[in-house]
Amino acid sequence: MRKETPPPLVPPAAREWNLPPNAPACMERQLEAARYRSDGALLLGASSLSGRCWAGSLWLFKDPCAAPNEGFCSAGVQTEAGVADLTWVGERGILVASDSGAVELWELDENETLIVSKFCKYEHDDIVSTVSVLSSGTQAVSGSKDICIKVWDLAQQVVLSSYRAHAAQVTCVAASPHKDSVFLSCSEDNRILLWDTRCPKPASQIGCSAPGYLPTSLAWHPQQSEVFVFGDENGTVSLVDTKSTSCVLSSAVHSQCVTGLVFSPHSVPFLASLSEDCSLAVLDSSLSELFRSQAHRDFVRDATWSPLNHSLLTTVGWDHQVVHHVVPTEPLPAPGPASVTE
């Protein structure tokens with residue numbers, strides 16, 4: 001296991017404070033979500049979880065190192081309520097799960113200085129906690145504290161299907177990157193469901209969660225179409241094969257609830273695991289720890305791997321920090337005299 005190595009300090013190009021039109025003057029404190037785009041631009045979702053109004057906002061940074069400084073963003077917009085989750089739809093679309101109960105689709109204009117609302121649909125009756133775009137790119141899935149899961153047609157701006165297969169609030173949905181009709185969901189009813197919308201009975205239960213410990217996070221393996229990972233409220237991360245519906249591996253990674261799991265784009269992918277214990281852990285294919293950071297001072301809420309530098313992992317949290325981690329990609333040296341350095 002290797003501790004965090006600070007990224008090399010490269011003198012940044014001279015930046016000019018230039019708040020774009022319609023961008024809020026101030027970003028909310030709690031950073032909930034982060035996603036890199038394929039060109040390396042960084043999208044942030046922020047929420048204010050104190051006071052009488054739960055506000056939120058979206059921010060695009062062409063220079064991720066400038067985040068979360070509002071004056072150096074490329075585009076920004078105020079949202080009606082807090083941002084619980086977000087994801088890219090193509091290169092310019094932004095799908096948002098809102099604390100208001102809405103699923104929102106925003107779009108960058110051609111100059112990428114404005115974020116414009118395409119639709120805002122109140123189909124859920126409580127906070128929308130999670131969204132995921134199906135691999136086709138034309139449909140999406142949302143999960144809510146109202147117990148419902150909904151499948152959306154993004155172009156038609158309508159709900160195609162609504163499901164109440166869970167018995168408690170939905171904590172995470174994850175679309176398969178391999179099959180455009182398949183996704184996972186987990187809930188506070190202590191169940192993980194595997195969905196295939198082509199089937200008359202689309203949901204089947206994966207019986208792998210530990211009794212008494214609620215699953216909180218899901219992520220599909222990017223290369224193995226039948227394999228996924230999940231994290232639970234106890235801090236454990238487990239690897240599951242859907243063919244056998246059993247846990248292949250399990251590891252106690254954190255001391256508190258797992259808040260997110262994100263695979264890297266490596267040929268043999270790493271897994272970033274985030275937690276309410278304020279730490280980030282990076283795991284290898286056997287769920288052994290390669291790297292750990294405790295740079296955050298509050299819950300770590302999201303992570304995203306840079307598409308341009310596969311060693312760079314960016315995390316955000318409720319402490320308003322955007323932390324860029326350099327993760328070692330080479331095998332660790334074996335212990336012994338040969339590994340001693342001056």
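Glycine too: its Cβ is placed from the backbone N, Cα and C atoms.
Under the heading phosphothreonine, Swiss-Prot lists T5.
Summarising the annotation, Swiss-Prot assigns repeat 'WD 1' to 22-75.
Sequence annotations record features per position, and here Swiss-Prot assigns repeat 'WD 2' to 78-116. Beyond its flanks by at least six residues, the repeat 'WD 2' (78-116) meets 20-22, 24, 28, 30, 32-33, 35, 37-39, 43, 45-49, 54-58, 60, 62, 122-133, 137, 140, 142, 144, 146, 150, 152, 154, 157 of its own chain at Cβ-Cβ distances under 8 Å.
Within its own chain, the repeat 'WD 3' (123-162) has Cβ neighbours under 8 Å at 84-90, 93, 95-103, 105, 168-181, 183, 185, 187, 195, 197, counting only residues six or more beyond its boundaries. Summarising the annotation, Swiss-Prot assigns repeat 'WD 3' to 123-162.
Within the same chain, residues 126, 129-136, 139-149, 151, 211-220, 222, 225, 228, 230, 240, 242 sit at least 6 positions outside the repeat 'WD 4' (165-205) and bring their C-beta atoms closer than 8 Å to a C-beta of that stretch. Swiss-Prot lists 165-205 with the feature repeat 'WD 4'.
As annotated by Swiss-Prot, repeat 'WD 5' applies to 209-250. Note on the repeat 'WD 5' (209-250): mean pLDDT across this stretch is 90.
Annotation source Swiss-Prot lists repeat 'WD 6' at 253-293.
Here Swiss-Prot flags 295-330 as repeat 'WD 7'. Here the repeat 'WD 7' (295-330) is broken down by DSSP into helix, strand and coil counts: 0 helix, 17 strand, 19 coil.
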